[in-house]
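Shown next, in structure tokens, is the structure this report addresses.
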Amino acid sequence: MTTLQRLRTDLHRQWDATTLGFGALFATLFGIQLWTMLVTETTQVIVDGFGPQSVPMFTTSAVASLVGLGGGTLVYVRYRALDLGMSWPREGTWPIALAVIVAPALLAVAVSAVGNALFGVSLSAITQQWLSPQVSAEFVFLHLVPSDVFRGIGAGLLICGVIYESVHRLVGADDAAGLAALFIGYYWLMPWSPIPTIPPSLTDSILFALTLLLAVAFGMAVGVLYRTLSDSQHASALARRDIPVFGVAFVGILGIASDLLTFPQDVRHLLWILVLGLAVIGYARTRSVWVAVLSLVTYHVGVSAVVWVEASLGLAVM
């Protein structure tokens, strides 16, 4: 038996498959994140070599989303033999699909209207997306919307293929959507790019390892709580071995909570968590990844359109 096999055996003796699976899910997300960063850095070097005027503005985001997030997700789905729903929505779920697709764009419009009318805060300030008043609608359509589409595809594949399907395999359909939404919210609030450059410095590598440790501990803590609450036979599952897991997970939660201190930033996080959660719930109900993808695409496009309108009307000033 190899060292890795002995380690896996010891882990399974200590914790059940659900607890380990939730922890491994976050390790997978960080692996795909690293792959996406590598793809982004490589693409940017190639684009810089050709010159910024020689390739479309959205080239880097397209490759990062499709090859990075999307490609990493599809490789993981194939490796784990997960059942990612790639067909159209199931019969009888089209009303749900349409509602999930349209709602994010309407949410962006509503937040802009309420923010500007009642608080004097634009959607541009909330999302930190700014445009010059001189930018034309043609520029938005030709250069910003394609990036929005590609980002929606990559994120939709990630949350459905990696997060939802991994959770679904571990706990079944009844609880999968809620737990997946919880994990999506936690992962969104964590640093998306804990390593700013490749190759990373020693400090960045240590920070990345600590961030990964906190995320894995959070996943395992949720797994322990889930098994404890769902099975009365595991009422004594909160054993001494679980204390360090909960301690590390609590540190991670405190770290995330400490960053939620500014009003526009909090609304931005809340918006994204709502949109991502709605997308994954729509996928769970329709079993079509395209519902989640289109939901995220309409949100991205809706935000870009609203930001352009705000800039044109003089409502968004940096």
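Here the Cβ of each residue, glycine as well, is placed from N, Cα and C on the backbone.
Please treat TrEMBL annotations as automatic predictions, because they have not gone through curation.
TrEMBL lists 20-38, 58-77, 97-119, 139-164, 176-194, 206-226, 238-257, 269-284, 289-309 with the feature transmembrane segment.
Using a cut-off of 8 Å between Cβ atoms, the transmembrane segment (97-119) and the transmembrane segment (269-284) share at least three residue pairs, counting only pairs 6 or more apart in sequence. Within its own chain, the transmembrane segment (206-226) is flanked in space by residues 15-16, 18-27, 29-30, 171, 175, 179, 182-183, 186-187, 190-191, 194-195, 200, 237-238, 242, 245-246, 248-249, 251-253, 255, which lie at least six positions past its ends and keep a Cβ under 8 Å from the stretch. Three or more CB pairs closer than 8 A are found between the transmembrane segment (176-194) and the transmembrane segment (269-284), so contact between the two stretches is assigned (pairs 6 or more residues apart). Beyond the transmembrane segment (20-38), the same-chain residues lying 6 or more positions past its ends with a Cβ under 8 Å from any Cβ of the stretch are 11-12, 64, 68-69, 71-73, 76, 154, 158, 162-163, 166-167, 169-170, 183, 187, 192-193, 195, 198, 208, 211-212, 215-220, 222-223, 226.
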